[in-house]
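The structure's right below; bear with me while I get my questions together.
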């Protein structure tokens, strides 16, 4: 397997798609600091699944996406693809070429792919187990990571050896097996908890089931008796119903006869009443007609008065109209006269305007001639001015050139003086640079001494930090153990709480009533007895035994609430339940005086439970006559002394019943409803205690963690101080080199200035000759300028005269133009006024015609009004005659109404007597109906009872019923059966089916537990086998790595001695790894005493030893040789050459020795700010001499 290519897009400083192709051997990636070359190794680490942003040199995962520059926009995603040659099937993927891709969007979505098929991160990591690859493998060594092999603690150092020893796959499988084991144990614990709960339910359910079967037998006997008795009663009721129906028929016939007489009377009475009403209506109608006629007479008289007033008004308006006609005729005559006057005035104004127009045309022609003359003079003046401007420019050019030459000459002189001063200054600087070199040497020596002291301080801090970390780890383990206990308690509490909430262990009927009560279907439901009481753990078993099935009795507010719940159970066939109405249930407490003297007396049961005061009556009824004793012997002693008058229960659940019978035996712990509630409370108390302990330990952990961070900060500060000192040392060396360069430059500058003096003298002579020539040119230009100015003065005088004449002509033309415009305006106004006068005359003539027509209309209207007045007067005469006729008709109708009213009164008296007779018959019928209804009610209730209780119709019941010879005896037998059923107490019919289901579930869980235990044994066996394999493989490979390390150390250091040892050989899988080295001529007791370069070389030797034992397909080394000097870099590069036959190396470096050893060289540049580019050079091909752009 080898690395073929790496494709990057949008990752860190590579926004553009960049492809890097890798060949065999050594490949080096070089470039200046900050160019982005380490981003290539980060890209490989990232695509192989690295999740630590700190390792990727960022704060958050989004930082790997290109963030943009001033000229480029930020990318929306980062994508890296790594292509691997897999022909040898190192990766267990059936492909010759495998491409691993990782993509990350700014939205936070991440995706892994193998050959463009999505996979999980876990699948990717499993593919690289024991290959040395992957994000934690030894094939990726980042900046500064190589030294961590030496500087890390022994326990941390073993991690890289595990990967190298090839046990990572075994450890992964062992971890997975341990996870599965934890899950199996948790599952087993859960199953055992459930099984324990089921065991506690089996015995009570078995008892309930047997009681339910006895109940069903008695219920069948009860049904037979009830059906027979009810059927007999129904038949008796049916016969009584027939007798009552016959009596009702006779009574109904008499009632019908009376109703017929009443109807006849009502008809006659209605006829007389209608006659009376008709007379009254007709009389009212005549009176209304008379009133209406009176109103019509009044209206006609009023209208006549109005019409006469209209005639007078029309006469007055006609007279006013005739006067308006005369005024209009005079207005028309005046308008005609004014039209003639205005027409004469308009003609005169038109002639005046035509004369002014001719004068305006003559003046404009004169002005045009003067304007042409002035334009010719201006053209001549412009030509002369252009000549003047040209000569002025020539003069200015000569002056500027002369001034420039003079300034250059002066500059040469000043430059000579300045350069003389500079030479003197350079000599002074030479002396200063030499003094600064001496100061730099002193600084280098001082910094070197301080770095050594800082290194010793850092070693002490590291030792202190290691001790704090050990204490912190111990606390962490203790916190994890508490977390496990908390989890177990929480899981068990949740299980019991879920059982409590789901009413597990309650009868089906009880569950349904409680659920309906919670939903509001039933009101007044307080809950079961078990829900309404609280008991201490020590009394829980005794109280559960004392209450037994009564724990599931339901407490209600009153009898009505209980009846409603029973009705619901009955209608929906949900089973049976016992209810305790608070308004009805009362109890008598046993008098305990004298019982305190008995040994083992604990108390009265109702005094050992806690409950709300409202439940006092219920608790007295259930527990008021139950005594609790410590044990069975004490209970028997107390019972004997009190002639077995009351029930006694012991703390462990044994019972001495009233009358002397005893009940007892074994009982599972924490199986009852009360015990479950107490256990939930106990578990919550334990959880609080553990949480408080965890809080205390966490605070201690946080305190130590803070100390560790503080020590880490101090170590980091010390390292930073050392780096600062190192940088100061490097700066001092660089300053010394720079000063030497400046000295050479100063000496060279002095020599160069002396050579330039001859050149400056020749340039000064040339400038003097140029100044003389430019002076002559300036004088000639002054003479020509004077001549041109004289010509311009003469032309200016002529132009001024022409402008005066033109201005006078323009004023005359304007005056004439204004006069012409004024005349035309006057003419237009006169024309408009003539038109207005004409329109006034025409309107007057029209008005005259309208006024004549109005006079004629008013005369015609008066004639019509006089005709209407005559008609109204005739109508009033006719209505006065009709008034007398109406009065006579009203008198006749009044007599007829009085006669009809007398007849109506007589008929009503007869109707009252008939109603009294009818009421007597009606009362008899009602009495018979009520009796029949009572019988019918009994009949219907029994029929309904047959259906509601047993779903039997009357016909079905008759077939099923047996003859009842003696009804009293049958009722006595029924009462006996009912007493037997009542003696059974609360019966859960569903217990038969529930017992069967629980028993089946118990059997099933028993098999599941057996399977889980077998799985646990197999997992433990697998873990033991994997542990043994890991020990064997690690020991063998560690020995080989140690052997190669010893040899490679000698080869690289040129002698000395080195060895790797285990801190605890007895525990191979947890032992730390110690490194012991002695470079040639040195005795080292602590690795921190080695120089930075020596530490790096030791780590590189270990790394090479690992590659000898377990060669990686390819390795990416990011500046791991940075701390080595040039000689050791050459050794490092040479040894890499020997390893490159088996391993493909990609090295990120800036060291010359490493570059020279490379077969292919990639250069990373940042020609554009923030954007990395790639160049390549294949060094193994002599014909390739130029750098080529990468893909």
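Every residue, even glycine, has its Cβ placed from backbone N, Cα and C.
Taken from TrEMBL, the feature ATP binding site covers 32, 33, 34, 35, 36, 37, 38, 39. Annotated coiled coil per TrEMBL: 167-208, 276-366, 465-492, 687-728, 771-798, 848-945, 1009-1036, in sequence order. Per TrEMBL, the feature domain 'SMC hinge' maps to 523-639.
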Which entry in the list of binding-site residues, 33, 35, 38, 39, has its Cβ near the fewest other Cβ atoms, using 10 Å as the limit?
33
For residue 32 (ATP binding site), just count the other CB atoms lying within 10 A of its CB, please.
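There are 12 such Cβ atoms around residue 32 (ATP binding site).
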Using DSSP, would you call residue 33 (ATP binding site) helix, strand or coil?
coil
Hey, would you say the coiled coil (465-492) packs against the coiled coil (167-208), going by three or more CB pairs under 8 A that are 6+ residues apart?
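Contact between the coiled coil (167-208) and the coiled coil (465-492): present, because at least 3 Cβ pairs are under 8 Å.
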Hey, which bits of the same chain come close to the coiled coil (687-728), Cβ under 8 Å, at least six residues off its ends?
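Sequence-distant neighbours of the coiled coil (687-728): 443, 447, 450-451, 454-455, 457-458, 461-462, 464-465, 468-469, 471-472, 475-476, 478-479, 482-483, 485-486, 489-490, 493.
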Under 8 Å Cβ-Cβ from residue 37 (ATP binding site), six or more apart in the same chain: what's there?
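Within the chain, residue 37 (ATP binding site) has Cβ neighbours under 8 Å at 29, 30, 31, 1148, 1164, 1172.
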Let me know the most crowded of the binding-site residues, choosing from 34, 36 and counting other Cβ atoms within 10 Å.
36
Around the ATP site (32, 33, 34, 35, 36, 37, 38, 39), what further same-chain residues have their C-beta within 8 angstroms of the site's C-beta centre?
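The answer, listed by sequence position, is 13, 31, 1164, 1166, 1172.
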For the coiled coil (687-728), provide the mean pLDDT of the predicted model.
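Here the predicted model's pLDDT, averaged over the coiled coil (687-728), is 79.
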What is the number of residues in the domain 'SMC hinge' (523-639) that are helix, strand and coil, as DSSP sees it?
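Secondary-structure composition of the domain 'SMC hinge' (523-639): 57 helix, 22 strand, 38 coil.
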When DSSP is mapped onto helix/strand/coil, what comes out for residue 39 (ATP binding site)?
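DSSP assigns residue 39 (ATP binding site) to helix.
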